[in-house]
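Trainee: Once you've had a glance at the structure underneath, I'll fire off some questions.
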Amino acid sequence: MSLKIPGLADMHVHLRQDNMLKAVVPTVAEGGVSVAYVMPNLIPPITTVDACLQYKKEIEQLDSKTTYLMSLYLSPETTPEVIYEAAKKGIRGVKSYPKGATTNSESGVESYEPFYPTFAAMQETGMILNIHGEVPPSKDNTVFTAEPKFLPTLLDLHQRFPKLKIVLEHCTTADAVEAVKACGESVAGTITAHHLYLTQKDWQDDPYCFCKPVAKTERDRRALIEAATSKNPKFFFGSDSAPHPRSSKLKTPPAAGVFTQPFAASYLAEVFDKEGRLDALKDFACIFGRKFYCIPLDFKESNIVLKKESFRVPESVANDLVPFHPNEVLQWHCSWE
């Protein structure tokens, strides 16, 4: 049995920098991805148009075939003037991180109100606001409540800027799914591959399953699967593949991030097949993200072929990076046509 679909549109990737960048970029195409939206949380974060374009150049020198879309890191430097310049240069969006909630988020946001003029400029130019939807860490919040407590802010931003395209990144709860559904067509949500597999018990026992936002309950996992397989265009694929050195994953606490990039299409096909919804995979992983980001659906790039042919996920790839579910057998093998 085989399935031929366009190369995936992965609307949330972490490629890192320096030697890690060189190791990770080749795994994007290996995972069946032909369009990748790149996150800006480097050290230092990508806050200027020039830095963003230089980063894009570095990536494309390593892989000229994949289409890489770029983003800025929301900061006090992200003025309306910067937005106008970024839009002219083809930068697609701005990523918002809650201060201190995840990898390289120390420069993140504590309040959105100072950025209202920036959001107005983004609404005007069609740039996308990508939100890591958790409230900042505090004594009143836990990793389990951080996303639900953020959702009123999402609804408020949507009401204030109804034409601003907003993506609630890496949804992890049933509440997040319902919040995205409750908003108009300008609001969407990405869903990762690994959150379709994981619940709380998985990451508590395995550092390679630990990420931010953390995986939640079985009820939440089922809500994500139902959203991903529903053919609802408000939900599309964003892997949030986040590589870290093995040493960083084995420390206490482990670095937050799951590395799915090399086998992205295979991980997705596994879940969609088990749900009897392979018919929905193309929409979720190839079509809806492209449409939301206004990427032409001409599919000039090659297709991928998913063949029901078992293989074992290697223990490590790309300079000793440990992929999601190492040594486990997957039933769907991905190759380029």
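Glycine is treated like the rest: Cβ placed from N, Cα and C.
Copying in the features that Swiss-Prot gives for the protein in this structure:
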BINDING   His12, His14, Lys95, Asp240  Zn(2+) 1 binding site
BINDING   Lys95, His132, His170  Zn(2+) 2 binding site
MOD_RES   Lys95  N6-carboxylysine
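Quick one: how deep are these features, and who are their neighbours?
Mentor: The secondary structure of His170 (Zn(2+) 2 binding site), as reduced to three states from DSSP, is coil rather than helix or strand.
Other Cβ atoms within 10 Å of the Cβ of Lys95 (Zn(2+) 1 binding site) number 24 in total over all chains. DSSP assigns Lys95 (Zn(2+) 1 binding site) to a strand in the three-state reduction.
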Trainee: Looking only at His12, His14, His132, His170, the binding-site residues on record, which one has the least crowded Cβ, with the fewest other Cβ atoms within 10 Å?
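Mentor: Each of the binding-site residues His12, His14, His132, His170 was scored; lowest Cβ tally within 10 Å is His14.
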Trainee: Taking Cα-Cα distance, which of the binding-site residues His12, His14, Lys95 are within 10 Å of His170 (Zn(2+) 2 binding site)?
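Mentor: Neighbours among binding-site residues, in sequence order: His12.
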Trainee: Go through the binding-site residues His14, Lys95, Asp240 and tell me which ones have a CA within 10 A of the CA of His132 (Zn(2+) 2 binding site).
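Mentor: Candidates kept after distance check: Lys95.
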Trainee: Please give me the CB contact count at 10 A for Asp240 (Zn(2+) 1 binding site), counting all chains in the structure.
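Mentor: Here the count is 26.
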Trainee: Specify all same-chain residues, apart from the site residues His12, His14, Lys95, Asp240, whose Cβ lies within 8 angstroms of the center of the Cβ atoms of the Zn(2+) 1 site, ordered by sequence.
Mentor: Val13, Tyr37, Met39, Asn41, Asn130, Glu169, His170, Gly238, Ser239, Ser241, Ala242
